[in-house]
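Per Swiss-Prot, the features are as follows:
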- 1-20: signal peptide (SIGNAL)
- C27-C58: disulfide bond (DISULFID)
- C34-C52: disulfide bond (DISULFID)
- C38-C59: disulfide bond (DISULFID)
Amino acid sequence: MKSLLFTLAVFMLLAQLVSGNWYVKKCLNDVGICKKKCKPEELHVKNGRAMCGKQRDCCVPADKRANYPAFCVQTKTTRTSTVTATAATTTTLVMTTASMSSMAPTPVSPTS
């Protein structure tokens with residue numbers, strides 16, 4: 001009986017401490033979701049902090065933007081990752097070509 005009461009007490013404490021995804025705060029008439037950061041495909045609401053608080057932004061999925069076009073702003077994305085990936089690919093190609101030419105008796109021209 002004591003172990004049953006202890007188990008129930010633990011579950012009741014965990015239900016209060018761990019919210020997980022049981023409650024998601026909504027904003028903009030239940031269209032947006034309050035998050036710390038919006039995904040690149042989601043739209044950021046200009047005055048979302050008034051609805052979600054200081055630490056969170058109101059993020060609206062791109063397919064629901066037509067409902068609230070005046071409030072939504074497209075989030076800025078950077079292309080630094082693409083440039084880095086291109087540079088890494090070029091470096092890999094140069095290294096592969098150099099290692100292939102040192103292994104082969106005659107140099108092989110790379111095809112693009």
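If you go along the chain as it appears here, the first residue is 1 and each next one adds 1.
Each residue, glycine too, has its Cβ placed from N, Cα and C.
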Spatially speaking, which of the disulfide-bonded residues C27, C52, C58 is closest to C38 (disulfide bond)? Use C-alpha to C-alpha, please. C58
For C52 (disulfide bond): DSSP state (helix, strand, coil): helix
Given a 10 Å Cβ-Cβ cut-off, pick out the one of the disulfide-bonded residues C38, C52, C58, C59 that has the most other Cβ atoms nearby. C58
Rounded to the nearest Å - Cα separation of C59 (disulfide bond) and C27 (disulfide bond): 8
Measuring Cα to Cα, how many Å separate C27 (disulfide bond) from C52 (disulfide bond)? 7
Note down the number of other Cβ atoms within 10 Å of the Cβ of C34 (disulfide bond), including every protein chain shown. 20
Here the Cα-Cα span from C58 (disulfide bond) to C34 (disulfide bond), rounded to a whole number of angstrom, reaches 5
Cβ contacts within 10 Å for C27 (disulfide bond), all chains included, total 23
